[in-house]
Amino acid sequence: MTNIRKTHPLMEIINNAFIDLPAPSNISSWWNFGSLLGICLILQILTGLFLAMHYTSDTMTAFSSVTHICRDVNYGWIIRYMHANGASMFFICLFLHVGRGLYYGSYAFLETWNVGVILLFATMATAFMGYVLPWGQMSFWGATVITNLLSAIPYIGTDLVEWIWGGFSVDKATLTRFFAFHFILPFIIAALAMVHLLFLHETGSNNPTGILSDADKIPFHPYYTIKDILGALLLILALMLLVLFAPDLLGDPDNYTPANPLNTPPHIKPEWYFLFAYAILRWIPNGLGGVLALALSILILVLVPLLHTSKQRSMMFRPISQCMFWILVADLLTLTWIGGQPVEHPYIIIGQLASLMYFLLILVLMPMASTIENNLLKW
């Protein structure tokens, strides 16, 4: 008799995706982040659901309701901090997952890669709207500054901003709709993640060498299930260390002050995972230019497959490209640091150089390095 997991219509889908899936025998720990992102998403949806049971999306009571969750709700404090720091873990996994894709040439799977870029955008939108919900000073001013960027769009900018706000300033209507979107988007992300997996399973996974691995495949279970469980345990360990020992390490003290439209904080800045994009935004003094640079800083990922000039897929055997990749990583860390600094000398010039370097590396230097390597290998 055939096993039920191979015959039952629902079980068959799960079986083909997580049990009998043929996987390359040599995929390293860098391939763990897909499953870790799935765990992060489930964790965020569950903690978010319990938070939503006690949260009120009204300007008068939002801040108080978050305080109430932390003080009065049973284990409310741990749910709140798991949700806030879970977002940080989510983005750490996201950045490492994208970095893995860039390094090993996983972007050659066009559909998978493009759905991944959409997922990145959706996750960033969700995180931004979530940051507004506690209605602290940084929530309010972050929402005001970031939504106001759209006013730089010619002709329709001002109307667009007021339409998003639901009025003439960030107010009750804005908070209510942000809560609604923040609640629905993770489910859209979950659906997109399934599409992401669907496209991936059409081609099969890439591997560190970038060479076709059809000749050497192993079943996903038990080899990669046990490997993913180890990754999950390490992720949960890191998250709980953060939640239980330094829950406010990555937050902003300003967000413990209730929102006040009459008092602007000295330094308005987003959460750490948006700082690199925020630095690129501030790089161009012109409003529209900054907004375009901000959008392009993420959209540029769509161009990466078109800019691939190497005859090899992975960077595993390409030392010059490896150098370029790690310079890009250092550049992004520099941008993250600059994004959190005030707009004054020497930070302005460092930010401008780092932003210029970011676009130069992806658009010019990395394709050039690949071409040089091709010539060195007489390809």
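The chain as shown is numbered from 1 upward.
Cβ from N, Cα, C; glycine included.
According to Swiss-Prot, the features are:
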{"type": "BINDING", "residues": "His83, His182", "note": "heme b b562 binding site"}
{"type": "BINDING", "residues": "His97, His196", "note": "heme b b566 binding site"}
{"type": "BINDING", "residues": "His201", "note": "ubiquinone binding site"}
{"type": "TRANSMEM", "residues": "33-53", "note": "transmembrane segment"}
{"type": "TRANSMEM", "residues": "77-98", "note": "transmembrane segment"}
{"type": "TRANSMEM", "residues": "113-133", "note": "transmembrane segment"}
{"type": "TRANSMEM", "residues": "178-198", "note": "transmembrane segment"}
{"type": "TRANSMEM", "residues": "226-246", "note": "transmembrane segment"}
{"type": "TRANSMEM", "residues": "288-308", "note": "transmembrane segment"}
{"type": "TRANSMEM", "residues": "320-340", "note": "transmembrane segment"}
{"type": "TRANSMEM", "residues": "347-367", "note": "transmembrane segment"}
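Sequence features annotated in Swiss-Prot and their locations in the structure.
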residue : record                   : Cβ contacts under 8 Å, 6 or more apart
His83   : heme b b562 binding site : Gln44, Thr47, Gly48, Leu51
His97   : heme b b566 binding site : Phe33, Gly34, Leu37, Gly116
His182  : heme b b562 binding site : Gly48, Thr126, Met129, Gly130, Leu133
His196  : heme b b566 binding site : Thr112, Val115, Gly116, Leu119
His201  : ubiquinone binding site  : Asn16, Ala17, Leu21
Coarse DSSP state, helix versus strand versus coil, of His196 (heme b b566 binding site): helix
Intrachain residues whose Cβ lies under 8 Å of the transmembrane segment (33-53), provided they are six or more past its termini: 69, 79-80, 82-83, 86-87, 89-90, 93-94, 96-97, 100, 182-183, 186-187, 189-190, 193, 228, 231-232, 235-236, 239
Segment-segment contact (the transmembrane segment (77-98); the transmembrane segment (226-246)) at 3 or more Cβ pairs under 8 Å: yes
Recorded stretch, among 113-133, 178-198, 226-246, 288-308, 320-340, maximising Cβ pairs under 8 Å relative to the transmembrane segment (347-367): 320-340
Two-stretch contact, the transmembrane segment (113-133) and the transmembrane segment (226-246), at least three Cβ pairs under 8 Å: no
Distant-in-sequence neighbours of the transmembrane segment (226-246), which means Cβ under 8 A and at least six residues beyond its ends: 29, 32-33, 35-36, 39-40, 43, 78, 81-82, 85-86, 88-89, 93
